[in-house]
Structure formats: C-alpha cells, structure tokens
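Per TrEMBL, these features apply:
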type	residues	note
REGION	1-177	region 'Disordered'
COMPBIAS	10-20	compositional bias 'Basic and acidic residues'
COMPBIAS	34-46	compositional bias 'Basic and acidic residues'
COMPBIAS	55-73	compositional bias 'Basic and acidic residues'
COMPBIAS	83-107	compositional bias 'Basic and acidic residues'
COMPBIAS	114-132	compositional bias 'Basic and acidic residues'
COMPBIAS	133-143	compositional bias 'Basic residues'
COMPBIAS	152-165	compositional bias 'Acidic residues'
TRANSMEM	286-307	transmembrane segment
TRANSMEM	327-349	transmembrane segment
TRANSMEM	361-382	transmembrane segment
TRANSMEM	456-477	transmembrane segment
TRANSMEM	498-517	transmembrane segment
TRANSMEM	537-557	transmembrane segment
DOMAIN	602-717	domain 'TMC'
TRANSMEM	722-743	transmembrane segment
TRANSMEM	779-803	transmembrane segment
REGION	825-878	region 'Disordered'
COMPBIAS	855-871	compositional bias 'Basic and acidic residues'
Amino acid sequence: KREKHNGKRRNGDRQENKRENQRRKRSSKSVQGIREESQSKTERRERSRRRKGKAEHETSGHEGNKRERDQTRAKSTKSKKNIKNEKTRKLEGKEDGEAQEKSEKGKLKLVCTKNEEKIESGDQLKEKEKALGVKKKKKRRKKVVETSSEPETSEDGDDEEEVNNDGEVRPELLSPEELEKLKEAVDEKKKLIQSLRGKPWPMKQKLVTLRESQLFVEKYEGALGKGKGRKLYAYKVMMTKKWMKFQRDFENFKTACIPWEMKIKEIESHFGSSVASYFIFLRWMYGINMILFSLTFGLVMVPEALMGRPYGSIPRKTVPRAEEAGAMDFAVLWDFGGYAQYSVLFYGYYNNQRAIGWFKFRMPLSYFLVGVGTVAYSYMVVIRTMARNANESGIGDDNSFNFSWKMFTSWDYLIGNPETADNKFASITTSFKEAILEEQESRKDDNIHLTRFLRVLANFLVLCCLAGSGYLIYFVVRRSQKFALDGLENHTWWERNEVNMVMSLLGMFCPMLFDVISTLENYHPRVALQWQLGRIFALFLGNLYTFIIALMDAINLKRKEEKVVKYNITMWEATLYNGTGSENSTAPPITIHPADVPRGPCWETMVGQEFVRLIISDTMTTYITLLIGDFLRAVLVRFLNHCWCWDLEAGFPSYSEFDVSGNVLGLIFNQGMIWMGAFYAPCLPALNLLRLHVSMYLQCWAVMCCNVPQERVFKASGSNNFYMAMLLVILFLSTLPAIYTIVTIPPSFDCGPFSGKNRMFDVIQETLESDFPAWFSKVFSYASNPGLVLPFILLMVLAIYYLQSTSKSYKEANVELKKKLQMQNEENKKKNKQAALKAQMDLEEAKKSASQTAEHQRNNNDSVQRQEGENAKIYMTR
C-alpha cells in the first residue's frame, strides 16, 4: 500500500513540476524574488511565531485539539518505526526530502498563482484563496503524519504561515496591466459601497456585500503604488480615513451642542414630528431674536449707557418733577412708566448729539442703521430658510401612486410611545379609508344646496366675529386715550391695561369659536385645518392693524398737543430770560433743574410703551392659560377620575392636546409685534428673547406632563415652509407701519436721536455731507434720484417676471416628462403583461406536452409489462 501511495504521489509531483515549469517561464522575476526570500527563512519563522503567539488566545481550543491529534499520530508513527526495518526508514527519509522540496515548490507555485489571481475580481480572489487554504490543510495533515517529532511539525506550520504571509500582493511583482486591473477592481468596490443603499437587495445580502467590499478595499488599496509612492498613497488613504472620522465626530459634536436638542427629540418620540416642529420653529425664532438683541444691545443701548450723557443731565433723561413721587411704584414700573420710561429701554431717552464719547460714536446714525439692518437681516434669513426648505422637500406629485406613497411613507419612524404609535396606526387606516371613499363621496349629490347654505352661513358668522373684534379693539384704544388725557393714576388696573387684555382674550377665545363654526361646513379635515389657520391669521392680522390705526390716531393727537406745548415752552423761555436784569447787572445766570423744565409729548415713546405692554400681557395670558387650561385640567382628570360619575379621560373634559396651529400663529404674531415696535423700544428683542427662553422650558414641561398625543398625528415635512410663508407675510405687513412713520411723520422736537430734524432719514444726508467727500454725496444723491430708482425697480420687476415665466415653463416641461414617463411605464407594463401571458401559455403547452409524453411512456411501459407477463406465462406453461 505504501509503495502504491508513493507511486501516486510521484506521478502527482511530476504533473506539478510540469505546471511549475510553464509558470516559471511566465513569472521568472517572481521566482527570483521568492528564492531570495527563502534564504531569509529563519527571520520569517520568527515573525510567524510572534504572530502565532498573539493569536494563541483566539485559537487555543483549536490548537489544543490539533496537538492532541499530532501527539497520537506521533506515537503511532514511533510505534511503527520500531517495527519497520532499515529499508522503510530509508524510504521515509527520501519521502521527507521530497516533502521538503515539494513545500518549496508549493511556495513558488502559490505565489505565482496568486500573482496571476490578484488581477481578477474580488469574488474570484476569495474563491481561490479558500481553495488554496483547503490544499494547505491537506498538505499539513500529510506532513504531520509523515514527520516523526513535534518540532518538525511546528516548523512545517510556520512554513505554511510564511506562505500565507508571502501571499500578499506585492506591487513590484505585478505588471502594469495587472495593477490597472487591480485598481479598477478597487474602484468598482468603492462604487458598490457608495451605491449599496439603493440596491433592491435583502438587508442580509447588503451587509455581507458591504463587509466583503470593505475588506477587499482595505486589503488591496495600498498596493497601487511603488516604493515611496506606495507609502505616500498609504499615508493619503490613512489621512483620508482619519479626516472622514474627524468630520463625523465633529458633526456629532455640533449636534450635541444644539440647544434643547435632546428635549425636542424626546417630544418627537412621544408626540410625533408635528408637535416637535413647533419647538424647532421656536428654537429658530430664538436664534433670530438673539441676533436682533445683539445688534440693538451692542450698537444702541450699551453705547448710550456708557458714552452718552448720564441720567439727570438733560430734561429728556430726567423724570419730571410731577412724576418723581410715584416713579418707583410697582404699578408705574409694571406699565413701564417712571424710571423705566426715562431709560435706555425707550426711544425718547436717546440724545440727538451727533457724536458721543471719546470714540466719537455716531449715535443717531447707528440707531437708524440698526433699525434698518434688523429688518433687512430678518428678510434675508426668512427667504433663505424658505429656499433651503424648498430645495430639501423637492417637487413631488401627490396624485400619482397615491396608495404606494401612503403605504411606504406614511409611518413616522420617530415615534417612540405606544399610545402615539396606536394613534398613528389609526390615522393611517383612516387616511386609506378616506382615499378609497373620496371618489364615491365626490359623486354624491345629496343635499348639495343645504351644504352650500351652511358654508355661506359659517363664513358670514366668521366675518361678523372678525368685524366685532376689530371694532372692539378700536373702541378700547380710543377709550384708553381718554383715560390717558385724564391721568392713568385716577383709573383702575383694568382701565389702564384694557387694550392689552382685550386683544389677548380675543386671541384666546375667537379660535375656539371658529372651531365650533367650522362644524357647520362639513369640510374634509385637511381643508378644515387650512380654513381654521386662515381665519385665525385674519383675526390676528385684523386685530393688529386695528391696534395700529388706533395708535395712528393717538399719534395725531400727540402731534397736536406737541404744537401747543412747543408754543408754551417758547413763551415760558421768553418770560424767564427776557427782562430779568439790567444791562449793568452782574447777577449769575439762572439755572433750572432738568426735572422742572417743561417738555412736550414724545409719541415715539408712547408707541414703544404700547407694544411692550402688549407683549407682556400676551405672555402672561399665555402662561396663565397653560397653567389653568392644561396643568389644572390634567390634575383634575388624573385624581378625580376614580371617584367621578363618568370616565373623565375618555369623555369630558379629558386630557388636552397640544394645539400646534394656535401656538405657531401666536408665536408668529408675537414676532411681528417685535419687528413693528423694536424701532421705538430697543428693549423689545431682549424681552422677546426672555419670553422664548422661558416658553421653551415651560411648554416642554407642559407637553410631557399635561398633554396627550393627538388623535390624528400629522407629519411636519410640509409645515416648515408654511410657517415661513406666514412669517414672511407678517414681516412685510409689520414693517409697513414702521416705514410709514419713518418716512412721513416728523419726529418729536425734544426727545429721541432724531429730534430737530424734519424726517428721521435726514440723518443719512447729514452724515454724507459731514463725514464724506462732496463727490460721494453727489453720487449718492444721483443714485437716489427717482429717475434712476424707478427704472431700476421696473427692471427688477421684469427680471422677476422673466424668471417666474421660465420656472413656469420648466414646471410644465417637468409635468410633460412625467406624463411621458407614466405612459412609457404603462406601455412597459402592457409589454410585460403580454410577455408573462405568452410565457404562461408556453408553460402550459410545455406541461401538456410533458403530460402527453409521460402518459405515452406510461402506456408503453404498461404494454411492455403486459407483454413480458404474457411471455412469462407462456414460458411457465411450456
């Protein structure tokens, strides 16, 4: 048996020698390199032993089993050797020498084959490496059986590990074509990693492919250079990976630094993205007000407080003598009178001195430019945010594949609360039912006249509510003017704050009334929500503009009073200074304390005070409503439910839901009042910043503790631009009154940085004439000429019209392309259907033919069996 085995082995060695000779002709260079490496065998053995020692803790169990097998086999070989004669020992010595030669040849063969195989794709490489690994294991087993001692087996294992280590790709052994093919394979794997997410494969297949591709790229990416170039390439790859990791960590750090991110994520997981969109919008508004506050505080309030004249130096910075007694009372300070009125919080405190302090700070110019800059910055940020949201949302067709969109995109994966998940499931089910029944309901014609009558009646009632609220605000403002003329200290707290409280109460109760009226219209819930938002928007806008119109009447009254006061002041100055002494008199000049100097009414400060009071009252009303309407309601439902006659959680009053639309509209109109009154009260951005900061914490607490998820959870993907559009409209409408007052109404004569000028914008012309060269002022005057401004505006309008028309044509072309793609898709479906039918018919025909042939074969077999049986019977009878 041993001689036969040796003969087979020798035949195999001869065939392998022939193959090696053929491969040596193709890769002579690689053979020389490997021979040089065989000379340094001891060094490689030491390296392999070190690697083996590091990996002992991973493969200890496997090696232990191998050692046991090796020991048993070694014992068997020793017992056999004691029995064998000298001839067998000589044969074994020859076989050991042949095995060593074969191992060296195997090294050459493995490296040559691997140098040829590395140019193939990753999948072929892995298959060949697995095959080579199987061959190595078989060779190792043969060597273990043939060797007579354990050190020899360990040396053979080290040699095999050297073969594995020598199997790495060496760029100096590859031809340029092979390097190009390897580079193409690496690039293909990289492209596969990038596009793997969009592949229509199972997740398991994607993960396996991703791991294999990453291992292939990491293993062969460094072999694309030579010498120093290879090291440089490996360094670049390493630095690229580290840079990508740094970018990822930096993005995580930036996300962690975003204010209130974890709170918003918690709310989003419990209540869905629709409720979280309000808090994201509130945080965005907080950032905008932070910029507005930094501008007004750093460029207006701080310079006046540090470099301007101190309190009590001039009449506009001093409390009048008649008001000093109650200037520090809480009621007066709550209405922002007394010392609060004569401070940097309001317009009237600022001096009209052109340059203040050692820095020669231009206070009037800074005040005007900050007011214009805040509005310009707000426009820029709002429009930029709308453009970014439009780019992110893209253009989608909701009518095509409606059920597919609902099936695959309706779920909100940020929901983490079971109750919210159940509500979302019910909402998706309801939306499917609505989509199925919409076509049937559109064809119904029952009581269409009654429906139209109810909708007309509902709109009439809403218009009556809007008109009544506007008239009530106008009446209250006119009444408050009479109270102001009589003296506010002679009236009650309600009469002093009647305007603010009425506007806050209307904003709180009118939306509830609109919700009751909307039940008459029988609209679809989405359409009803749009109508509700539009009506609340109209209510707030009407109330705001009614308030502004009433303020304009108050401004006109102040201006008339100002003329009378101005005349009285001139008469007072004439009687005080004229004829007080003779020409030779040496009496000292008369000094009058600033508190005793008569002064005129400052309508700018009055407007700023009204807006500040309105903001404070609206904030207090919101917080009180939140505590009473949400917190106390939740406490009553929670602790009285077990002892009440009915289920308070399921019935009335139940837990309250978070009103996203009402809170968003309240936030938007509050910001509109800030933009409108910040020019006359620089403290408004600071007050609004404090309000938003407190609202974030208070409303987050109220949502998590007192509210329940909505019955219909809406995704907020289409709400961002809707909020921004309303904010842009409010920004435009709130800047109109401020621009009107700046351009048309002359400022007060004895208060504010623009006193003594005909118009507020005259400070620009004064600065150009005093601080700039003459030619610059001429250029500016020519540029501001209406003959140039009007054509420029006309050109802008034409450009906007052209861009709008081109965008419209692009949209139409997009719609046409969608139609063509849909038609092509339908044609492809028809072709696929016809091909499927044809294949089905061919399959049926093939089945029929197969069944016929099977039946024919069975018949033949039956006939053959019958004939054999008959032959057998005939034979038996014979």
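Glycine is no exception: its Cβ is also placed from the backbone N, Cα and C atoms.
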Check for me, if you would, whether the transmembrane segment (327-349) reaches the transmembrane segment (361-382) - at least 3 Cβ pairs under 8 Å, residues 6 or more apart in sequence.
no
DSSP helix, strand and coil counts for the region 'Disordered' (825-878)?
53 helix, 0 strand, 1 coil
Recorded stretch, among 456-477, 498-517, 722-743, 779-803, maximising Cβ pairs under 8 Å relative to the transmembrane segment (361-382)
722-743
Sequence-distant residues near the transmembrane segment (722-743) by C-beta distance (under 8 Å, 6 or more away from its ends) are 277, 281, 371, 375, 378-379, 382-383, 385-386, 389, 537, 541, 544-545, 548, 552, 555, 607, 664-665, 668-669, 671-673, 675-676, 679, 759-761
Considering every residue in the domain 'TMC' (602-717), what is the mean pLDDT value?
84
